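Visitor: Grabbed the feature section from Swiss-Prot, which reads as follows:
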- 37, 38, 39, 40, 41, 42, 43, 44: ATP binding site (BINDING)
- 4-248: domain 'ABC transporter' (DOMAIN)
């Protein structure tokens, strides 16, 4: 049984734009799967459909053999709890401390009223501190999040996802706004999490060299259709030219020197 399974998935937006077309795709446990393609190819739509930030129009998406497409109420909450999310623009509460932001990854485990009052048990604080240590910013735990650099803020968001104790992490262009050195640090963090904790990573990346360096698997989308799915070792320049529908530009190839 695949960890994530797309079955004949289609997404059509209200304006008629086709986001995804007839997607059949399996993601296996422990994959570091990188989604590539032009802007507007459907990368974010595919990624965000996994935890239903975007609902699909038809088809089904299964997580561990169970339909998240059909899940409702508490069942949906329990399934989402198992899926961490990292965004391009961090999505942090800027005036809150680093620790408080990471603790927000635990909200799915407790009643809403406790979370509003900030009543996190000691075990949650231990998990949050462990997550911060794993991404090497434990020493910043009591600082305001908006006092830190972009790279450090992205590491907070990774720690928040880790504190959630997910089986899957979705990362939507997590390094798009970062400089090359910070990009490498963040990508190294994600790869380490994947290899050491066995957490499946499904990530959108703009730069082809990053996809090849870090991905075990490349998923290519063009105009909402799946045009390549295979090991990174098989993703040749010709394959990428086909995914993009043209030769790659220099600023699409190189992310980290």
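Each Cβ is built from the backbone N, Cα and C atoms, and glycine gets one as well.
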Visitor: Would you count the other C-beta atoms found within 10 angstroms of the C-beta of residue 43 (ATP binding site) for me?
Guide: 24
Visitor: Specify the count of other C-beta atoms within 10 Å of the C-beta of residue 37 (ATP binding site).
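Guide: Its Cβ shell of radius 10 Å holds 25 other Cβ atoms.
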Visitor: Within its own chain, what residues at least 6 apart in sequence put their Cβ under 8 Å from the Cβ of residue 40 (ATP binding site), listed in sequence order?
Guide: 223
Visitor: Other Cβ atoms within 10 Å is the metric here; tell me which of the binding-site residues 38, 41 scores highest.
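Guide: Per the Cβ count, the most surrounded site is 41.
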Visitor: Within 10 angstroms of the C-beta of residue 39 (ATP binding site), what count of other C-beta atoms is obtained when all protein chains are considered?
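Guide: I get 7 for this one.
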Visitor: In DSSP terms, helix, strand or coil for residue 41 (ATP binding site)?
Guide: coil
Visitor: CB neighbours of residue 44 (ATP binding site) within 10 A?
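Guide: Excluding its own Cβ, residue 44 (ATP binding site) sees 19 Cβ atoms within 10 Å.
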Visitor: Which whole-number mean pLDDT does the model give the domain 'ABC transporter' (4-248)?
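Guide: Mean per-residue confidence for the domain 'ABC transporter' (4-248): 92 out of 100.
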